[in-house]
Amino acid sequence: MNGHFAAVGNGPTAQQYEHGIQVIDEDKAFNTNLNDYLGETRVAEAGFNYHLISVFGSQSTGKSTLLNHLFKTEFSVMSESARRQTTKGIWMSKNKRAGANGDAATMADNILVMDVEGTDGRERGEDQDFERKSALFALATSEVLIVNIWEHQIGLYQGANMGLLKTVFEVNLQLFLKDRQSQTRSLLFFVIRDHVGNTPLANLRDTLVQDLTKIWSTLSKPQGLEDSKIEDYFDFAFAALPHKILQPEKFLEEADKLSTRFTTGHRSAKDQEFVGGVFLPEYHRRIPADGLSVYAEGVWDQIVNNKDLDLPTQQELLAQFRCDEISREVFVGFDSVIVPLEEQQAEATRLGKATVLPDLGVTGAGTREKCVKAFETQASRYHKGVYSVKRGELESKIDARLKALYQTQLSAAHKSGVAAFSDAVTNAVKAGQKAGGYEFAEIVDKQKKKTLEFFKKEAQSLLIQGVAWTNFKPQYRLFEKELDEVSARLRKEEMRRLAIRVERWVKSRLGDSIGVEFNKLGSGRGGSGAPENGEKPATEKDLWDRIWNTFSGIIREAETRFADRAKSFEASPEEVEVGLWRLRRKSWVALREKIEEEMMESNILMKLRENFEDKFRYDEEGVPRIWRPTDDIEGIYTRARESTLGLIPLLARFRLAETYAPPDLPTFVGPQPAGAEPEDEEDLAPIGGVDEEEGKSLEEEMTVLSESKRQDLVVRFKKMADGVYVEAKRSAIGGITQVPLYFYIVLLIFGWNEIVMVLRNPMLFMLLLVMGGGTYVAYTLNLLGPMMQMANAASNQAVEIGKEKLRDFLENNQTMRQAIAMPPRSQDNGIGMDRLDSRGKKAQEVEEDDDI
């Protein structure tokens, strides 16, 4: 009994699949391997291009035999020696006539034939439950219901299977109540067996139609269907076959002809007989072949559990199942492409790198389209509503993954773009600095356009037509905004560098100008700060006025330079205002540092000494003083000292001579601009009188020397001045020789004769007069010391030369050299004038290296 088929519960083999499969066994168990069978027979991939036929009839009436001859199947047939049930349950096999004897051109593709267990069998007896359930199953799944009937049974009720047909009609109404919208039709194909030809086929047809109409009229119809006709739900077709035993050749011939009717047909109206094949489009249950097994299993589950069979619901459930299954299948391909990209991004994120994946947009869009199209190809055959929902879910699932991938890509492009922009601007600025000039605003504008184009290109490459979230305009605006922020930061840094350069320039100018002003302290009498061209020097009391005016002029020029250069950066007025405010503050601090440098203890003492010496050692015309005992050294010293001491209070505080008050520093610096940020104040030193909260007043800010330093400076200066005074006094007194008066009397008495002799001799008198005048001049000019040193050196040199000459004489005389055992003279013992010291002695020899 179909032992060569793949039965329920078995682990079927490919060879068993070649014959067919048991769909439902006699115990009402469904075969879950049906989908494998459809795959093995290549029906599953046919989509809607398949047809399902079921055969009904009484037991042992030759249903399986009929199918085997029509479709070349191998269903088991009853043994003629023992009339008993052969087909148990429902069996299925694929049409095998296709492709043989040229029949492939006349029969439809992928015809599946179900051999249903016969009715009215003694094995089941009164139990008609399986009969009803199998009829409902066949009607819910099949396009064509073949009713196998013998000619002599026509006109009978039980013999002609009228009871079975009534069951078919009843379950059809049951199905229709659940599916009024589609109103699926079915074909009842009556195959009249053992037709001998005495009764024309047309008469037999009329008899059957009358019987069917009568049965339909006796049915209890649902509300609203009372006037319905059988033709509203069923089409009828009729065929007759000769007796198989009595006319075997004729039977085979007619069976072959009948098989050709199982092809696609058509008709122009419902009331017209269809022409061509028996498979009309309205018969198809619109269940894709790859979902047929799931659909059939769901239908049978509802039937066997005595639940109301709701085909639309079953179709929806099938659609949900298959769409989910197809979605998982296509998502595997999606993962195979996307997961490696996600792993690359995850690795880059872990390493903290901004990695832009190449061709991500093309890959993502192509993979998405491929997956959606694959889903559409397979799933669009199912329930449209379910398909639409599941497609939306698939697209949402794909888009969620792609969105995360794309956003990470844009984030990486964002970061790398910002970094590239910053580096490009920085490098261009450095190159411009080396070249000697650059326009910061042009550099920023050029690099910004280039970077925006890069990001725009990357964002556009990720665009998917019809997908709203791939319109990355917000991300583009955010990127542009951050570039503006980076531009502002770079501009601020550039302005900081500009400020530093201007500050250096200010410090350099202040270093020269302020140093010159301090060098002018008391320099009107030929000191270190005396004017070169003899113009009248500036007064000491307006020192701070000159310093403030010089400082103000330098700052005005610096502000002009800063503002002009900042405008070329396209800096805002607020940024320029903040920069100028910082410049004024830092410039004032630089001035204070320069003043403190000039007012260091060693420097100020030197300035005071120079000031004092300028007044003490030089007269009003700048001529050096030669101190004589008759000079008023004490008076000059006192005036010079008091004048210099008067500088200390002047230098102690920064005050203008005109107002005798500090300069208006708060007005000069100005209030803090509204655009100043906390970081703009971090490197600024507090200024007294400006930053009141720092607790330092303007008076304290303008104090250069504290009271203790002033007192210490006065004491040290007085000690230094006293030393200069003592030195001057000593030089004046040191020129006087105290000779006793009696010495001149004794000299006159004892030297009278010599005096008379000199006076009487004009030549001697003139010589004495010249020598005396020369000595007086030498004494007056303090040249006696140097002259004595020169004379001493000359005498010493003469002695050395004499010794050398004597040595030469002894060395040249062989007899004398032998007598005193004198060694020969070396070649380098000569005496040169440059070998003698200031006293005429021979200087110590310094050996020289012959290699130099």
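Keep in mind that glycine also has a Cβ here, set from the backbone N, Cα and C atoms.
Annotation source Swiss-Prot lists topological domain 'Cytoplasmic' at 1-738, 784-852, citing sequence analysis. Summarising the annotation, Swiss-Prot assigns domain 'GB1/RHD3-type G' to 47-283 and lists sequence analysis as the type of evidence. According to Swiss-Prot, the GTP binding site annotation covers Gly57, Ser58, Gln59, Ser60, Thr61, Gly62, Lys63, Ser64. Annotation source Swiss-Prot lists transmembrane segment at 739-759, 763-783, citing sequence analysis. Per Swiss-Prot, region 'Disordered' is recorded for 825-852.
Where Swiss-Prot records a feature, it is marked here on the structure.
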{"residue": "Gly57", "record": "GTP binding site", "CB count, 10 Å": "24"}
{"residue": "Ser58", "record": "GTP binding site", "CB count, 10 Å": "21"}
{"residue": "Gln59", "record": "GTP binding site", "CB count, 10 Å": "19"}
{"residue": "Ser60", "record": "GTP binding site", "CB count, 10 Å": "18"}
{"residue": "Thr61", "record": "GTP binding site", "CB count, 10 Å": "22"}
{"residue": "Gly62", "record": "GTP binding site", "CB count, 10 Å": "21"}
{"residue": "Lys63", "record": "GTP binding site", "CB count, 10 Å": "28"}
{"residue": "Ser64", "record": "GTP binding site", "CB count, 10 Å": "24"}
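According to its DSSP assignment, Ser64 (GTP binding site) is helical.
Under the DSSP three-state reduction, Gly57 (GTP binding site) is assigned to strand.
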